[in-house]
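Inspection log for the structure reproduced underneath, given as structure tokens.
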Amino acid sequence: MSLIIVLVISVLSADAVLSMDNELYLNLEPSQRSSWPVARAVRMQFSKRSEGGRESRKMQGCQILESLNDIAREALRTPRHTTKRISKDEMEFFEGRCLSVGESERTVLGTKWCGAGNEAANYSDLGYFNNVDRCCREHDHCDNIPAGETKYGLKNEGTYTMMNCKCEKAFDKCLSDISGYFTRKAVSAVKFTYFTLYGNGCYNVKCENGRSPSNECPNGVAEYTGETGLGAKVINFGK
């Protein structure tokens, strides 16, 4: 199931006769390579004119966004109360009005690990924002339950990979500890996209029979917290 959201911003001219509507349609789909969703968005601009009590609307521009960095930037500057959900058919209608685009980056700009999958050549390969990338790399290799699989007695019946809550907390802390003005911009994009826009929730593991001398939890039982973000809630709805 896909998530479709429309974020609407209206900018009125001084005489309120002509206005510009900027609409962002967002589609999140499951990734087979990581816990991150594959994000796709369409930003469209319409001019709206009101004359003699009648309104007319004309498309002025269209852009398909596949970069998490661009999508996060658009979502961050859009008031949350203007977020609306539309149907998949409506999304396909607007996509059909845009020109096809080639493959776009699916990681946050300046990183190789922060996104659906990764662009790294090897484990040591990091992007420009290497400190942010280290956080994402560790998160990618942390304890998880892939979609459809069972671990700790918990079956992941959702669409996305489910992460251990300890991994989510460590990821959030790792990002929060990063300083630097420009780096913080990348941190904001990563945190907003993953925790707020997506928000798949996580699972806690209880060691009912205690831990082993090596601190392992061989008979652990996991409990899912439930989705925390609008993206995961809509996509997993009805599963």
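Backbone N, Cα and C define each Cβ position, glycine as well.
Per Swiss-Prot, the features are as follows:
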- H139: active site (ACT_SITE)
- W113, G115, G117, D140: Ca(2+) binding site (BINDING)
- C114-C136: disulfide bond (DISULFID)
- C135-C174: disulfide bond (DISULFID)
- C142-C167: disulfide bond (DISULFID)
- C165-C202: disulfide bond (DISULFID)
- 1-19: signal peptide (SIGNAL)
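Rounded to a whole value, the Cα-Cα separation of C114 (disulfide bond) and H139 (active site) is 9 Å. In the three-state DSSP scheme, C142 (disulfide bond) falls into the coil class. In this view, the densest Cβ surroundings among the disulfide-bonded residues C136, C142, C165, C174, C202 belong to C136, judged by other Cβ atoms lying within 10 Å. In terms of Cα distance, none of the disulfide-bonded residues chosen from C165, C174, C202 sits within 10 Å of D140 (Ca(2+) binding site).
For the pair C174 (disulfide bond) and C136 (disulfide bond), the Cα-Cα distance reads 9 Å.
Put simply, G115 (Ca(2+) binding site) is 16 Å from C167 (disulfide bond) when counted between their Cα atoms. The recorded positions examined here are G115, D140, C167; by Cβ neighbour count within 10 Å, the least packed of them is C167. Around the Cβ of C114 (disulfide bond), a 10 Å sphere holds 31 further Cβ atoms from the protein chains shown. Residue pair C136 (disulfide bond) / C202 (disulfide bond) shows a Cα separation of 16 Å. Here nothing among the recorded positions G115, C165, C202 falls inside 10 Å of the CA of C135 (disulfide bond). C114 (disulfide bond) falls outside any helix or strand according to DSSP and counts as coil. Within its own chain, W113 (Ca(2+) binding site) has T107, A120, L126, G127, D133, C136, R137, D140 as residues 6 or more apart in sequence whose C-beta sits under 8 angstroms from its own.
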